[in-house]
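Positions annotated as active site, nucleophile by Swiss-Prot, on the basis of a curator's inference: Lys80. Under the heading ADP-D-ribose binding site, Swiss-Prot lists 8-9, 20-22, 31-34, Thr79, 117-121. Annotation source Swiss-Prot lists domain 'Macro' at 1-155. According to Swiss-Prot, the region 'Interaction with DarT' annotation covers 167-338, on the basis of similarity to another entry.
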Amino acid sequence: MLRFVRGNLLEAPVEALVNTVNTVGVMGKGVALQFKRAFPDNYQAYVKACERGQVQIGRIFVYDRGPLAQPRYIFNFPTKKHWRHPSRMEYVEEGLKDLVCRIQELRVRSIALPPLGAGNGGLPWPEVKQRIQEALEALEGVEVWVYEPVENPKAHSIVPLKTKPRLTPARAALLKLFGLYGALGEPLGRLEAQKLAYFLQEAGLDLKLDFACKQFGPYAEPLNHVLARLEGHYIQGFGDRTGISQIRLKPQALDEAVLFLADYPKADEAATRAADWVKGFETPYGLELLATVHWAVRHEGARDWASLQKRLQAWNPRKATFPKTHLQVALDALLKRGALRPEEWQDRPPKLPANVAQEA
């Protein structure tokens, strides 16, 4: 029996669940991220299978959790080769053929699957739905639940990792910086989290993040994996990256971080220093502006106004439109607060707008 339903796939009372994956061992968004958190044993087995080349288009990687587990089986269904690429309809079609074989081979009597490739994969749901119907409706004695696309899950409903990750100096300092930044109770988004982590590393704490200049300023993809691990234990609202993040510290998280940092004064000082650098720039645009100017001067050798403007124009059209008055305010703050050394800027000091100069 084939039925199309809505709700939480992970709560389906079935013998097997289908998880959509890529072939390179990454579960970073959407349904896959939910599975990674809910079934870490499956994730570890999937990563090892990818390393061995066992996860391929048209081949379901089945993970057996044992006869007493609910669900017993996780069917990892590749809908794309690389996590950066979109899903392809022919991959779904090939996978459905193997899915039918695996269901029959294992004598599965009930199974639930997501809208294969129609979420983050970008495939049109009506066409995917038709392929699913054609492939699975003829199965006899099998109850098939197909979960249709709905809005991205709310960040607070994302399943956290089952094991609380331990604090490290880097994680604790990041949590403290988030707490100082959000002292007024406002949540922060992924852009702000990226820029805060950038300044924390520039403040002297090696987070082992390799930042690069991206559309909205310095960006390090691995930071998202760090935040995903902290989600549900120390922070809430990061989500699965398919919607807007509204990150807040969970109750007691800041206290835990501060207590932990008592034994790591250098990490504690870096968090305090980074928080001081960003004062007055506590908006997504403000942090983007500040981090962009800092990056251009420190990492791309902009030493005067002409070279700074040239770097921004080469970055992208968005950066080229930053008003000079905004650049002056950002550069002045970075120099006066010690985020940039005096010798890093060889041109005349920034001339602040009259209203800003009076406030200073």
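A Cβ is built for glycine as well, from the same backbone N, Cα and C atoms used for every other residue.
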Argmin Cα dist to Lys80 (active site, nucleophile) over the binding-site residues Asn8, Thr20, Asn22, Gln34 returns Asn22
Taking all protein chains shown into account, the Cβ-based neighbour count within 10 Å for Gly121 (ADP-D-ribose binding site) is 23
Other Cβ atoms within 10 Å is the metric here; tell me which of the binding-site residues Asn8, Thr20, Asn22, Gln34 scores highest. Thr20
Within 10 A of the CB of Gly119 (ADP-D-ribose binding site), the number of other CB atoms across every chain shown is 22
Spatial neighbours, same chain, of Gly117 (ADP-D-ribose binding site) - Cβ under 8 Å, 6+ residues apart: Thr20, Thr79, Lys80, Ser87, Arg88, Met89, Tyr91, Val92, Leu123, Val128
Through the lens of DSSP with three states only, how would you label Gln34 (ADP-D-ribose binding site)? helix
Under 8 Å between C-beta atoms and at least six apart in sequence, can you list the same-chain neighbours of Ala32 (ADP-D-ribose binding site), or say none if there are none? Asn19, Thr20, Val21, Asn22, Val26
Could you check what DSSP calls Asn22 (ADP-D-ribose binding site) once collapsed to helix, strand or coil? coil
